[in-house]
Amino acid sequence: MSGVNNTSANELSTTMSNSNSAVGAPSVKTEHGDSKNSLNLDANEPPIDLPQKPLSAYTTVAILCLMIAFGGFIFGWDTGTISGFVNLSDFIRRFGQKNDKGTYYLSKVRMGLIVSIFNIGCAIGGIVLSKVGDIYGRRIGLITVTAIYVVGILIQITSINKWYQYFIGRIISGLGVGGIAVLSPMLISEVAPKHIRGTLVQLYQLMGTMGIFLGYCTNYGTKNYHNATQWRVGLGLCFAWATFMVSGMMFVPESPRYLIEVGKDEEAKRSLSKSNKVSVDDPALLVEYDTIKAGIELEKLAGNASWSELLSTKTKVFQRVLMGVMIQSLQQLTGDNYFFYYGTTIFKSVGLKDSFQTSIIIGVVNFFSSFIAVYTIERFGRRTCLLWGAASMLCCFAVFASVGVTKLWPQGSSHQDITSQGAGNCMIVFTMFFIFSFATTWAGGCYVIVSETFPLRVKSRGMAIATAANWMWGFLISFFTPFITGAINFYYGYVFLGCLVFAYFYVFFFVPETKGLTLEEVNTMWLEGVPAWKSASWVPPERRTADYDADAIDHDNRPIYKRFFSS
């Protein structure tokens, strides 16, 4: 989509939605060349493309994206520390209640609110604060939301014995993390070379798992103290993480798409040059620049974006919003936060004396599995990873729930004190299998897909809505889990199993493959209405050669079982 013509934006969208629109596409005059077909070059001459280089050539951009992805560490750190805070004696004494025996405890309501209200803050922050990135740029946006996060941490760490002060602090820090969760993957997706975009966006999840792991380790290291050191060390380190995040923003390039949108074309070229390790005058870079600029100019024809545009079905934006909301919701409904938020509590119930150690093991498996995900997301594609991930996780939950129900809860709530080391060990093993499956597929894959899906004019809004759905389900799961497990205990696992079955079929029918495509090509694929299960075979119009069969994606002769277990 490297140009615009004199038709309206809606007319052009309709033209492009025809799957055979490669012929007769609009022509344009680009900034660096003569008039040419915007959707298809000469059938016998492949377009100039930025070359795929050895991974070693992308070291610089990988480091820069790692700095941006550090926002994931901040979120992971909160997840890892809060799961232990609610089991630390000083935290319970300060923010809990006394029972008739004079013992302090955290009620299910208070525990649920303290843990889960953070997600509400994140949902609001993602929707409201992501707009800062559209107005002032992604980098300034990330600095701003990180500053808001620091304010929330300051309120929490100064709490003495008022649980509602700590509660308010978590809401405010959640506002900041919600903004980070939208802007960080967004900026990475916009500066990363298309050949490794999925890998670099996956770094956000990798940093998140590192934060969870180190948060677990910090709780384990401070649990033997008998004062506020138990939990204030974990909170105090948040200031260091925020400082690192802000400092990193001084070195990373601004989004070339944002720069073009605000008329800073030369800066945009320098950003592309820095990301792709080529000269500013490289012909392939200039073609990439023209493609991005033309796509932005096309979007500008429709005027300023509004929230109501998210409901547009003609431009397939509503379909993308729905897909983003569903995929982010289903990520929570895999049941991952059942273990991450309440892992320490869960493994107490299976008879472990030091359940903090098991949480550290979860953190280790989660962290190192994420390194595998950095490779698999680009090697096998987004859809294949999600399909195999859902299938493997539902198998893990089937074993986890069945062992828990039959060995540790055979008589229901009337026998809650049953423990079994064998059953407990089995459940821990399959928990680790689950964490491995989640970390290598759904954990980062959802953020990759959502960051690649929306056209630039509504990208921040679309990503904010999709991410807000993730936070809202995170709130519901983290708040109601203590009540649900109190009523049905390990039967809860069957609920997540059912959600994973649904997730598998949803991905197969509604989530397209975006591996190897530029963001503009992803937009074209959506406009052409390519069925998700055929998207892996789709070729962008400008890359189609004379022997390309436009009807090929309409026919799939593979056996049904092969269709369901591949992209």
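From the backbone N, Cα and C atoms, a Cβ is placed for every residue, glycine too.
Quick caveat, the model's predicted, so the values are computed rather than measured.
The compositional bias 'Polar residues' annotation in Swiss-Prot covers 1-22.
In this view, Asn87 (N-linked glycosylation site) is surrounded by 19 other Cβ atoms within 10 Å of its Cβ, with every protein chain counted. Summarising the annotation, Swiss-Prot assigns N-linked glycosylation site to Asn87 (among others) and lists sequence analysis as the type of evidence.
Of all the Cβ atoms in the protein chains shown, 11 others lie within 10 Å of the Cβ of Asn227 (N-linked glycosylation site). Annotation comment: Swiss-Prot describes Asn227 (among others) as N-linked glycosylation site.
Under the heading region 'Disordered', Swiss-Prot lists 1-45.
The topological domain 'Cytoplasmic' annotation in Swiss-Prot covers 1-56 (among others). The topological domain 'Cytoplasmic' (1-56) scores a mean pLDDT of 44 in the predicted structure.
Taken from Swiss-Prot, the feature topological domain 'Cytoplasmic' applies to 134-139 (among others). Within the chain carrying the topological domain 'Cytoplasmic' (134-139), a Cβ under 8 angstroms from the stretch's Cβ atoms is held by residues 183, 186-187, 190, 249, 252, 254-255, 258, 262, 460, all 6 or more beyond its ends.
The topological domain 'Cytoplasmic' annotation in Swiss-Prot covers 192-197 (among others).
Look at Swiss-Prot and you will find 254-336 (among others) tagged as topological domain 'Cytoplasmic', backed by sequence analysis.
The topological domain 'Cytoplasmic' feature in Swiss-Prot is assigned to 378-384 (among others). Within its own chain, the topological domain 'Cytoplasmic' (378-384) is flanked in space by residues 195-196, 198-199, 445, 448-449, 507-508, 511-515, 532, 535-536, 566-567, which lie at least six positions past its ends and keep a Cβ under 8 Å from the stretch.
The topological domain 'Cytoplasmic' annotation in Swiss-Prot covers 451-467 (among others) and is backed by sequence analysis. Among residues of the same chain six or more beyond the topological domain 'Cytoplasmic' (451-467), those with a C-beta under 8 A of the stretch's C-beta atoms are 122-123, 126-127, 130-131, 133-134, 178, 181-183, 185-186, 188-189, 197, 201, 257, 261, 295-296, 299-300, 302, 305, 307, 309-310, 315, 317, 320-321, 323-325, 327-328, 514, 517, 519, 522-523, 526.
The topological domain 'Cytoplasmic' annotation in Swiss-Prot covers 511-567 (among others) and is backed by sequence analysis.
Summarising the annotation, Swiss-Prot assigns transmembrane segment to 57-77 (among others) and lists sequence analysis as the type of evidence. Long-range contacts of the transmembrane segment (57-77) within the same chain, counting only residues at least 6 positions beyond its ends with a Cβ under 8 Å from a Cβ of the stretch, are 142, 146, 149, 177, 180-181, 183-184, 187-188, 191-193, 196, 200, 203-215, 234, 237-238, 241-242, 244-245, 248-249, 251-253, 274-277.
Residues 78, 82-83, 86, 95, 106, 140-142, 144-145, 148, 152, 163, 166-167, 170-179, 181-183, 186-187, 258, 341, 460-461, 463-465, 467-468, 471-472, 474-479 of the same chain lie 6+ residues outside the transmembrane segment (113-133) yet bring a C-beta within less than 8 angstroms of a C-beta in it. Per Swiss-Prot, the feature transmembrane segment maps to 113-133 (among others); the stated evidence is sequence analysis.
According to Swiss-Prot, the transmembrane segment annotation covers 140-160 (among others), on the basis of sequence analysis. If you look at the transmembrane segment (140-160), the same-chain residues 6 or more away from its ends with a CB under 8 A from one of its CBs are 68, 71, 74, 94-95, 121, 125, 129-130, 132-134, 166, 168-180, 183-184, 187, 232, 235-236, 238-239, 242, 245-246, 249.
Sequence-distant contacts of the transmembrane segment (171-191), counting only residues of its own chain at least 6 positions beyond either end whose CB sits under 8 Å from a CB of the stretch, comprise 61, 64-65, 68-69, 71-72, 74-75, 78, 117-130, 132-133, 138-139, 141-142, 144-153, 155-156, 197, 200-201, 203-204, 238, 245, 252-253, 255-258, 271, 275, 447-448, 450-452, 459-460, 463-464, 467-468, 471, 519. Here Swiss-Prot flags 171-191 (among others) as transmembrane segment, drawing on sequence analysis.
Residues 61-62, 65-66, 68-81, 83-84, 184-185, 188-189, 192, 233-234, 237, 241, 340, 356, 359-360, 362-364, 366-367, 369-371, 373-375, 377-378, 382, 439, 443-445, 447-448, 451-452, 514-515 of the same chain, all 6+ positions outside the transmembrane segment (198-218), place their C-beta atoms under 8 angstroms from a C-beta of that stretch. If you look up Swiss-Prot, you'll see 198-218 (among others) marked as transmembrane segment.
Same-chain neighbours of the transmembrane segment (490-510): 323, 326-327, 330, 333-335, 338, 383, 386-387, 390-391, 393-394, 397-398, 400-401, 403-405, 408-409, 481, 484, 532-533, 563-564, counting only residues six or more beyond its ends whose CB sits under 8 Å from a CB of the stretch. Taking H, G and I as helix, E and B as strand and the rest as coil, DSSP gives the topological domain 'Cytoplasmic' (451-467) the counts 15 helix, 0 strand, 2 coil. Residues 80, 198-199, 202-203, 205-206, 208-210, 212-217, 220, 339-340, 343, 385, 428, 431-432, 435-436, 438-441, 443-445, 448 of the same chain lie 6 or more positions beyond the ends of the transmembrane segment (360-377) yet place their CB under 8 Å from a CB of it. Residues in the topological domain 'Cytoplasmic' (254-336) partition by DSSP class (helix H, G, I; strand E, B; coil) as 59 helix, 0 strand, 24 coil.
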